[in-house]
Number of protein chains: 2
Amino acid sequence: MINYNYGTGEWKNWILEETAFNKNTLGKCESIMCLANGYMGVRSATEESYIKETRNCFVAGTFNKASKYEVTELPNVADVLNMAITINGEDFTLTEGEIRHYSRRMNLKQGELSRDIIWVSPKGDEVAFKFRRVVSMKQLHTIAQSVSMKALNKDLQISLYSSIDGKVTNEGAQHYTIESVRFYEHKLLQLVETTTQSGIDFVVNTTHTFYKDHAPFMPGQVMASGVRSIGCHYTLTLEKGQDLTLEKVSSIHTSRDQEWDKPDYQLDDLKKASMTYLKEEAAKGYRGILNESAHYWEKHIWDRYSIDIQGNADYDSLAVRFAIYHINSMTPRHDNRMNIAAKGLSGPGYKGHYFWDTEIFVLPFFTFSNQDVARSLLEYRYLSLKGAHDKAKANGYEGAQFPWESAWLDDGEVTPEWGGQDPISGEMVKIWSGFIEQHITADIAYATWQYYQVTQDQDFMDRYGYELIFDTAKFWASRLEWNNDAQVYHINDVVGPDEYKEHIDNNAFTNYLAHWNMELAIEYYDTVKANNMDLFKKLNKKLDLEATYQRWKDRLDKVYLPQPNEDNIIPQNDTYLGLKEIDLTKYKAQDNVGSLFKDYTLKQVNQMKVSKQADVMMLFYLLEDRFDQALKQINFDYYEPLTLHDSSLSLAIHAILANDLNHPEMAYTLFRKATEIDMGTNMQTSDHGIHMAAQGGLWQSMISGFGGMRMLGGRLLIHPRLPKHWDRLVYPIYWKGNRLDITVTHQEVKVVNVTMKDPEIAITICGKDYVLKEELTVQIDAE
Amino acid sequence: MINYNYGTGEWKNWILEETAFNKNTLGKCESIMCLANGYMGVRSATEESYIKETRNCFVAGTFNKASKYEVTELPNVADVLNMAITINGEDFTLTEGEIRHYSRRMNLKQGELSRDIIWVSPKGDEVAFKFRRVVSMKQLHTIAQSVSMKALNKDLQISLYSSIDGKVTNEGAQHYTIESVRFYEHKLLQLVETTTQSGIDFVVNTTHTFYKDHAPFMPGQVMASGVRSIGCHYTLTLEKGQDLTLEKVSSIHTSRDQEWDKPDYQLDDLKKASMTYLKEEAAKGYRGILNESAHYWEKHIWDRYSIDIQGNADYDSLAVRFAIYHINSMTPRHDNRMNIAAKGLSGPGYKGHYFWDTEIFVLPFFTFSNQDVARSLLEYRYLSLKGAHDKAKANGYEGAQFPWESAWLDDGEVTPEWGGQDPISGEMVKIWSGFIEQHITADIAYATWQYYQVTQDQDFMDRYGYELIFDTAKFWASRLEWNNDAQVYHINDVVGPDEYKEHIDNNAFTNYLAHWNMELAIEYYDTVKANNMDLFKKLNKKLDLEATYQRWKDRLDKVYLPQPNEDNIIPQNDTYLGLKEIDLTKYKAQDNVGSLFKDYTLKQVNQMKVSKQADVMMLFYLLEDRFDQALKQINFDYYEPLTLHDSSLSLAIHAILANDLNHPEMAYTLFRKATEIDMGTNMQTSDHGIHMAAQGGLWQSMISGFGGMRMLGGRLLIHPRLPKHWDRLVYPIYWKGNRLDITVTHQEVKVVNVTMKDPEIAITICGKDYVLKEELTVQIDAE
């Protein structure tokens, strides 16, 4: 029911289409066609309501904790999309009558959602509907809808109820009290609601404009306020052949918006300003709002990040655009107090929380593409250091222990303590990640380092970066546990990236990254002390650096780094290799993520040799120069068959490694599977929202995988391996302020420095070192 | 779509039927077929879900205030009714496929809801469904469902999801945090939720039992806990001709239940006890639970309150049973800390609050029928005196000023301060009732007096009744305003029963009732002082009675009681008669309550000579011996045409007065209209719940109207006037502990003292005094 080939000409490989209505799989397109602009995300529920819909609107960063039993989450904002349409007395709903034509489309290039339907009511009234919708990328508070109806075979009595509906909840949790609902100037609707715990005011406005046969027109209007809602009933007659267009323009502002989050904030000021804003936006009309937004997409996203694949690559082109669309629309680029949620702003899954998904999966896109946004995302971590300090302290550690899940700056750890019931035993399942999935602290340090290497943003490092590196390394030094028998430091009782193994000792990924983090801190200590004494003094005072440095030095070489065993397998942790194996054929074969839990409890899975996701492979990817190709190959062959890829973080990393190991077909197969995590034809993939890490991973498997682009030890590497059916891949990266356009074919690599900030750039292509001036072309030897 | 003639034989005039499914009018039968037992009310939403459903379950007295902006309300309990049924992969829903047969019925006698459907799925699978449901009148915590499906033309793959769903809200307001969801013994589901402000724990349990062709049977079962819910997926095959029955038995307990609301309460004890309770109930099976409940209805309600109408009276018989059904099922007879809500337990309207609707409209039924319940309801007012004292004090008055709307005992006034928007101006509408609709204080005194007169319950009076009379009269004495010009006491700036007149001075009803209240207090003061010095001393100390008595004496004769003007019209208030008249034809003609507000704002309506409901007529009814027939007739003829009966409290009172004035045809027309307030064929009457006052009013118009039964000055009067098409009316009343069975025909009145507690009872029949011994028959003279 998903068609990837709708677009032609200018729109080729830009449009995702749903070709049939299915009331049972609404979640799919609600998520994958979600409209967002970083400020807010509006899940693509339809104007008319269906039983199984999920009607969500989230504004980034507006967390609220509904009760002591629940963790903080992004509250579902009052719904402005709804319209109940009645045609000659019958409700417009696709579960009744006949659908003569159906096409719902997401135009990724313009960020516009369209729905074209020819519907015949049960009584036989034939109507052509055109629904259009945009969330402006330019004007962050604007949602615009255009709804057209044409009477095809009869005159129609149309009645329509459209409202701001504050009755929506987060799956039953109501986060707001209604401050007021008002109706102004006979056309402006306003609902003001305030979150119950965090006290954030939301001002939601909407207004309606009608056209009949394109001429302005005013139908009968009756304002109707209800419980937690305010709306208007409209009634009109449409003669056969006439068409009606309704434009509904809505705005959302909150007291958490940077311009309002200040001491002299007054709700009344916000109400007034938001109404002025709405009027200005509405005056542009739907088309004006769309054009403004599309122009922004063109200029600031597609021109900047364009990826071009030639060959048999239509689907792949669409998939990478899909990834870039979601990465950009779900990232709160406007505010460094916010980050990228695991499901973006597209659904209730993971409650809008931030994970390592940002630093390891999505952030590299921005690090290599848009320094400002990448910096803002890292600044978020710096601004949330208090929670990290609190967490370390509460656990008896020093320095910054970043929460596994983060929300508002000072919330600290927000991972829920309990998940659902175990379906077999009926007992509550404890979520251990918040307690012992600790590698995120090193992941943040890694991303900070990566950002610095790629951008050379010294200002960032001086203000935030060094401190992040030192503070995280300080945590690790305190986290180490001396093992007297082995005379080394262990890191025990953790969860590594592979979450099917809880309470394990010496997770290879965690130990290596912790070691790396301390090692980097030692290097940067020396650098800062040598080059910037003021900063050194400041940080020394703040972090007790000199004493900590001594500890790093004392302990670094004694950190236990799991080594290959006699079979050259790096043990994922101390016990993994001794676990019992089971036949995974049926779980590997199934499309159904998590199918293992139909047969086993998590406790049992903990005792089985099976992995949820990349773990040792993650280590190979992040610290690629520490392990040789042969070792990587042996371990890939060992671990991949044990890995169910039940996490959306797994496939893309495996695709990259398969490419590194020169298995381009396998790499492509894994890449293709990764594209299907959200965009695939399975209609059950994305009910709770899209998988942001998977989208970030897709970009990486495209650019760092097939495109072969890496930063290694501060140096730019390009070692591409295109899938056979691709002829050419063109992609841009931003390297130390230079835009480099990279063209890869099966024969050669061409790099053009478009901006020429630096006259010369050191670069390694297919293993040989070069100096890039304006342009460089290198032939690829057959491997 | 409502059929009144379904029942035959034993069930004649006992069954209300809905004959067709309409997804747009779900609220009607959800309300009028609501199942309740006084402890809880379960709105009759269907097992499968529809967009426009209202899925409600309320437990009496469990108020919670969701936020500072909202008033306290009965929170919507986690839903246990839901079942999502899939037949060969297609959802069972009546909006799709074909409905071959449809009948939904409320059996008032047994309190059972039935739904029989033959449904053909879009693919052509034909299934016969039988849904049965009961809320036990005997076991107050029990809800039982039985769902049968028979495969008519093909083998069926059936899947079914049934849960306890805590995602339900009160129109978007979530009142609970989920304490836990659990699955026990592979078959018992438990959800525990706690109200956010009042901290009441709700323990909701459910269990499923399956039968295939009547033999116990276990389908495939997978437990699935979700956000705020826990349920089970079942899968099974039903061969053509086989039938499946699922019994779902559920229980609801709360920490507000009397047996748990105590200092040593432990939630764990409640959880365990409720699970034991559920198992015992489930062991009875659906049939056992239904029979137990039906037996209770038979023995404790229908035997006790039976009304029999002979003649052309099928509909009327059903209507009065409908009223008695709802009065009994919506009254929390088990707990004197609770009262009867304006919408009973049948919907969200008026938020479960208590109004004068109880004392003046519903309570007379119990006063004349079931002394224990009547006393419990009055004790509620005594127990809530603190709120009445607080309200008086806050307003600068003395004594007990009862809240216009009441909820939990110490909540005090809970009338919302603001209603919706004025549909024309868009401005917020202030609800003045909570501030200035003050007559309720006298109404409660009136009901107390009436109860005492009818029951002679001296124990009640000594413990509570006298104090209520004194305390309310004390309020009135302080409330009076001396008017120096007129040299009388006024009561200014009030709302009378007619709520279309706000901020008026000297509402006749209010002034007369206030006067009456003080007068009664003086009388009772003398009585108590003469007969019970201990009580007198106690109350004197508590209420400063002696000084208050002096005030009553000083002021009583100076209270301004509006007198008939030159046209013999008693002015409803000081300004009413001078207001401008408008043509009300179109608003009187319309079936649509509140249609006036499509054209006028409430402010404008305040300035027009139009009434919402009985006002001077209410006065005539309550103080009937203060006004002569001629005066009543003139005023009836004046006021009725100005009255839109936009309140459901209006028609029944007018029917009684029309009867008093010897217009039996008009009386019957008004009575008939009153029956239609909920039970009529208009499908939009009862979306927010049934109208309890209208049901109480119906009983009164039947017994005190047509049956002619009144208590006047402590004496029993019978002056019947049967509608022409009735031949005979038989009804019981309970008078001073005697059950009197009264048989009325057009020719005679026969009274039988069934219980003979008193050997002689003074009685006035059609204006003449008699002494009733065992039996008395009096011929009726033609009027």
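Using N, Cα and C of the backbone, Cβ positions are placed for all residues, glycine too.
Model, not experiment: these values are computed from the prediction.
For A:E499 (active site, proton donor), the count of additional Cβ atoms within 10 Å of its Cβ stands at 20 [all protein chains shown]. Classification of A:E499 (active site, proton donor) by DSSP places it in coil, neither helical nor stranded. Summarising the annotation, TrEMBL assigns active site, proton donor to A:E499.
The Cβ neighbour count for A:Q613 (substrate binding site), using a 10 Å radius over every protein chain in view, is 22. Look at TrEMBL and you will find A:W356, A:D357, A:K612, A:Q613 tagged as substrate binding site.
Among the features that TrEMBL reports, domain 'Glycoside hydrolase family 65 N-terminal' is placed at A:18-256.
The feature domain 'Glycoside hydrolase family 65 central catalytic' is assigned by TrEMBL to A:321-700.
In the domain 'Glycoside hydrolase family 65 C-terminal' (A:709-772), helix, strand and coil residues by DSSP number 0 helix, 42 strand, 22 coil. TrEMBL lists A:709-772 with the feature domain 'Glycoside hydrolase family 65 C-terminal'.
Annotation: A:D357 carries the greatest number of neighbouring Cβ atoms among the binding-site residues A:W356, A:D357 [cut-off 10 Å, Cβ to Cβ]. Of the chain residues outside the substrate site list A:W356, A:D357, A:K612, A:Q613, A:F355, A:P497, A:E499, A:A614, A:S647, A:S648, A:L649, A:S650, A:A693 have their Cβ within 8 Å of the site's Cβ mean position. Per-residue confidence over the domain 'Glycoside hydrolase family 65 central catalytic' (A:321-700) averages 96 (mean pLDDT, predicted model). The Cβ of A:K612 (substrate binding site) lies under 8 Å from the Cβ of A:D498, A:E499, A:Y500, A:T643, A:L644, A:H645, A:D646, A:S647, A:S650, each of these being in the same chain and 6 or more residues away along the sequence.
Annotation note: A:K612 (substrate binding site) sits in a coil segment as assigned by DSSP. The full span of the recorded substrate binding residues, A:W356, A:D357, A:K612, A:Q613, taken as their largest Cα to Cα distance, is 16 Å.
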